[in-house]
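Participant: Got a structure here, written out as structure tokens. Questions coming.
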Amino acid sequence: MLQVDGLNPEPEKIKEAADVLRQGGTVAFPTETVYGLGANACDTLAVEAIFEAKGRPSDNPLIVHISDLAQLDAFAPAYGESEKLLMERFWPGPLTLVLPLLAGTLSDRVTAGLDTVAVRMPSHPVALALIAAAGCPIAAPSANSSGRPSPTEAAHVLDDLDGRIDAVADGGPSGVGLESTVIEVEAAGTVRILRPGGITAESMREAGLQVEYDQAAAPQQSGWDAGAERFSRGTEGTGPDKPGSGWAPRSPGMKYAHYAPRGTMQLVEGEIDNIVSFVNDQVKDAQARGECTGVLAFHEHAAGFEADHVLVIGSLAHLEQAAQGLYAALRAFDSLGVDRIWAQTCPEAGIGHALMNRLAKAAAHRIIRL
Ligand code: TXA
Ligand code: MG
């Protein structure tokens, strides 16, 4: 583990980590969203080591990270004005663009054989310095074991991957706490969100773009956005994550049951008084069965819940904070040995959209509407 100053990374430490990447190794490093597990995107053996360490299905392509726009010329030179606008406006930052791939440039393992590549320029000083020092595009998924919550601290990376990767650069906690927004430009001026994240639909609309949603990225709640296409969410346990539903997301990773704590989680939506009494009744029943219970609550309402472990994710008034704390809370339920978790929901404005997307995935789309 390499302790690096998160704001002003020490050049000698960056060089040490970059050397590992240049020699075909894997390095976990902080980004402003979550920690990534990086390898040289042109080196197939190095990229295979990422899949191996994470236990990641090989049909799920990786995001390629760059530190300089000029790097795109080598592997994704053909993109339009809307992409250019998005890059100028939101890079460096938590936005991933799916671009046409220049065939034969990156390792096929990065793109899982697709003719597109997902690219982002992270804004974290350690990530930028490391990519620049490595001198090559860096393929980096989140640095967790496949299926576990993404890591927002170096300690989370070690919990999952210690002994399976070559180095970890610890630059302190990541900022946003949720992964980047993944988009593709559908037609000039129209963006399709494949995975909601740190860059919100609102901010892309402010940049003059139309925003649509892939089914896997659509908001969960009704009545949230009159302009967008709706789809039926089905009942408990059904939804885009369910295998065999015949539905394929544009972003392959969205079909996997991600972000899940080990305990069974449900989201509960409705009037707060109803939520509190419903959850407390369920908690009693579960405790009577000998189960360890947990509630993921917002600060405003936490005191009303009577579970064995009530974890506060943040305030409803500051959803950015809640986003930062989500994955650490899901991991904490695991270390506390919680069997059953009930979680509050939040409005899907701004970062709340990405937060609800991750909550719903963690709960395998079990949403109880009271
Ligand atoms: O914030 C982030 O994006 C973090 C940090 C480390 O940058 N990375 C991350 O990577 O979340 P990962 O591998 O956990 O998620 C990548 C997502 C997956 O859903 C994957 O299917 C999608 O991006 N993706 C990758 N290449 C794609 C492509 N060519 N077309 C559509 N989706 C793609
Ligand atoms: Mg991931």
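Keep in mind that glycine also has a Cβ here, set from the backbone N, Cα and C atoms.
Features from TrEMBL:
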BINDING   THR33, HIS65, ARG120, ALA140, SER142, SER180  L-threonine binding site
BINDING   ARG56, ASN60, THR116, SER150, ARG195, TYR259  ATP binding site
DOMAIN    11-199  domain 'YrdC-like'
REGION    217-253  region 'Disordered'
Participant: Any of the binding-site residues ARG56, THR116, ALA140, SER142, SER180 with a C-beta atom under 6 A from ligand 1? Give them in order, or none.
Facilitator: THR116, ALA140, SER142, SER180
Participant: With the Cβ atom as the reference point and anything under 6 Å counting, tell me which of the binding-site residues (THR33, HIS65, SER142, ARG195) are near ligand 2.
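Facilitator: What lies within reach of ligand 2, judged by Cβ under 6 Å, is SER142.
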Participant: Check the domain 'YrdC-like' (11-199) for me and report the mean pLDDT.
Facilitator: 97
Participant: Suppose we draw a 10 Å sphere around the Cβ of HIS65 (L-threonine binding site). How many other Cβ atoms does it contain, all chains included?
Facilitator: 28
Participant: Which one of the binding-site residues (THR33, ASN60) has its C-beta surrounded by the most other C-beta atoms within 10 angstroms?
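Facilitator: For the binding-site residues THR33, ASN60, the Cβ with the most other Cβ atoms within 10 Å is THR33.
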Participant: Going by C-alpha positions, which of the binding-site residues (ARG56, THR116, SER150, ARG195) is nearest HIS65 (L-threonine binding site)?
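Facilitator: Answer for the nearest of the binding-site residues: THR116.
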Participant: Measuring Cα to Cα, tell me the gap between ARG195 (ATP binding site) and SER180 (L-threonine binding site) in whole angstrom.
Facilitator: 8
Participant: State the Cα to Cα distance, in Å, between SER180 (L-threonine binding site) and SER150 (ATP binding site), rounded to an integer.
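Facilitator: Approximately 12 Å lies between the Cα of SER180 (L-threonine binding site) and that of SER150 (ATP binding site).
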Participant: I need the neighbours of the L-threonine site defined by THR33, HIS65, ARG120, ALA140, SER142, SER180. Which other residues of that chain put their C-beta within 8 angstroms of the C-beta centroid, in sequence order?
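Facilitator: Neighbours within 8 Å of the Cβ centroid, excluding THR33, HIS65, ARG120, ALA140, SER142, SER180: THR31, VAL34, GLY36, ILE63, PRO94, THR96, PRO122, PRO141, GLU179.
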Participant: By CA distance, which of the binding-site residues (ARG56, ASN60, TYR259) lies nearest to THR33 (L-threonine binding site)?
Facilitator: TYR259
Participant: Counting only other Cβ atoms and using a 10 Å cut-off, which of the binding-site residues SER142, SER150 scores lowest?
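Facilitator: Least crowded of the binding-site residues SER142, SER150, by Cβ count within 10 Å, is SER150.
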Participant: Closest of the binding-site residues to ARG120 (L-threonine binding site), Cα to Cα, picking from ARG56, SER150, TYR259?
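Facilitator: So, of the listed binding-site residues, the one sitting closest to ARG120 (L-threonine binding site) is SER150.
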Participant: For SER150 (ATP binding site) and ALA140 (L-threonine binding site), what Cα-Cα distance in Å is obtained after rounding to a whole number?
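Facilitator: Between the Cα atoms of SER150 (ATP binding site) and ALA140 (L-threonine binding site), the distance comes to 12 Å.
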Participant: Based on DSSP, name the secondary structure state of SER142 (L-threonine binding site): helix, strand or coil.
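Facilitator: Reduced to three states, the DSSP call for SER142 (L-threonine binding site) is strand.
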Participant: Work through the binding-site residues one by one (ARG56, ALA140, TYR259) and point out the residue whose CB has the fewest other CB atoms within 10 angstroms.
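Facilitator: Selected from the binding-site residues ARG56, ALA140, TYR259 on minimum Cβ neighbours within 10 Å: ARG56.
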